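Colleague: Pulled the feature table from Swiss-Prot, pasting it below:
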- H176: active site, proton acceptor (ACT_SITE)
- G10, S11, G12, Q13, I14, G15, D34, N96, I119, T120, N121: NAD(+) binding site (BINDING)
- R83, R89, N121, R152: substrate binding site (BINDING)
Amino acid sequence: MARDKIALIGSGQIGGTLAHLIGLKELGDVVMFDIAEGIPQGKSLDIAQSSPVDGFDAKLTGANSYEALEGARVCIVTAGIPRKPGMSRDDLLSINLKVMEQVGAGIKKYAPDAFVICITNPLDAMVWALQKASGMPAKKVVGMAGVLDSSRFRYFLADEFDVSVEDVTAFVLGGHGDSMVPLVKYSTVAGIPLPDLVKMGWTSQARIDEIVDRTRNGGAEIVNLLKTGSAFYAPAASAIAMAESYLRDKKRVLPCAAYLNGEFGVKDMYVGVPVVIGARGVERIVEIELAGKDREAFDKSVGAVQGLIDACKKIAPDLLGK
């Protein structure tokens with residue numbers, strides 16, 4: 001049986017890490033696409049030359065033409081400029097919006113049946129623009145944010161409690177930015193909710209609040225440490241979890257930037273919520289109950305995303321007609 005084809009649009013740090021992970025997991029054959037000549041070809045050849053050592057048979061190629069996307073079952077989009085120190089995700093808006101228009105047109109022409117995962121920041125606005133530009137069904141276009149933010153939250157909690165990351169579950173909803181909403185009441189260690197762990201004396205509410213703040217600033221913390229770029233290992237691993245759930249019909253419940261059409265009281269927007277990803281794409285939106293401060297924080301986050309989308313509409317009004 002022929003292997004699935006996975007197209008990586010953008011061959012920077014995340015793109016290269018994605019290609020390597022796909023090879024190691026043998027999720028499919030990889031085509032790396034980038035407008036920079038030589039970069040996708042060089043990276044794919046380098047990774048391919050590691051295959052005899054690591055023992056995988058997935059094929060990797062590089063290309064500078066959108067035609068190379070033809071037949072891809074999954075497209076993962078990282079194209080655009082990365083965030084630099086002192087730069088907010090919002091600063092990236094006008095530059096990366098133009099990139100999403102071009103990428104959307106390329107996917108529409110050559111891989112209209114693909115499952116599309118967007119990683120480009122500012123995420124919630126870019127995945128919205130990508131769906132509009134491509135005209136693809138909303139259930140087949142998602143943004144990678146919540147899996148990454150939740151993974152950071154889980155890591156910090158596991159470190160705090162000195163337990164395995166495998167026994168920590170956590171949900172981070174809302175926009176992928178400073179207004180994201182780490183949900184304490186839906187986060188657990190071995191099924192025990194965080195509020196109960198506070199009562200048990202494992203930690204304090206003040207310490208949980210510090211971890212929530214660190215999660216919100218997780219991306220900026222890495223940007224400030226690296227000084228020349230942004231995170232790429234954890235974002236790539238997060239996107240792979242989403243792609244694998246689609247390709248293997250695993251139906252995992254993952255927090256993703258998904259298109260909402262009335263769910264959570266939100267319409268015509270992409271916002272981070274729990275979804276089931278299977279062979280049909282986003283098969284279900286898990287509309288968990290939000291109340292009190294959680295609802296207030298979620299609504300504030302939605303407002304921040306709406307501001308970005310409104311800015312997109314002003315910059316590229318033609319997107320609304322697509």
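Glycine is no exception: its Cβ is also placed from the backbone N, Cα and C atoms.
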Colleague: Relative to the Cβ of G12 (NAD(+) binding site), which residues of the same chain, six or more apart in sequence, are found under 8 Å away?
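Modeller: G12 (NAD(+) binding site) has long-range Cβ partners D34, T78, P82, F232.
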Colleague: Just the number: how many Å between the Cα atoms of N121 (NAD(+) binding site) and H176 (active site, proton acceptor)?
Modeller: 9
Colleague: What's the longest C-alpha separation between any two of G10, S11, G12, Q13, I14, G15, D34, N96, I119, T120, N121, the listed NAD(+)-binding residues, in angstrom?
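Modeller: With G10, S11, G12, Q13, I14, G15, D34, N96, I119, T120, N121 as the binding residues for NAD(+), the largest Cα distance is 17 Å.
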Colleague: If one looks at the chain holding R152 (substrate binding site), which residues at least 6 apart in sequence have a CB under 8 angstroms from its CB?
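Modeller: Those within reach of R152 (substrate binding site), by Cβ under 8 Å and sequence separation of 6 or more, are V172, T215, G218, A234.
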Colleague: What number of additional C-beta atoms lies within 10 angstroms of the C-beta atom of D34 (NAD(+) binding site)?
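Modeller: The Cβ of D34 (NAD(+) binding site) has 21 Cβ neighbours within 10 Å.
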Colleague: When the Cα-Cα distance from H176 (active site, proton acceptor) is computed for each of the binding-site residues G10, I14, I119, which gives the smallest value?
Modeller: I119
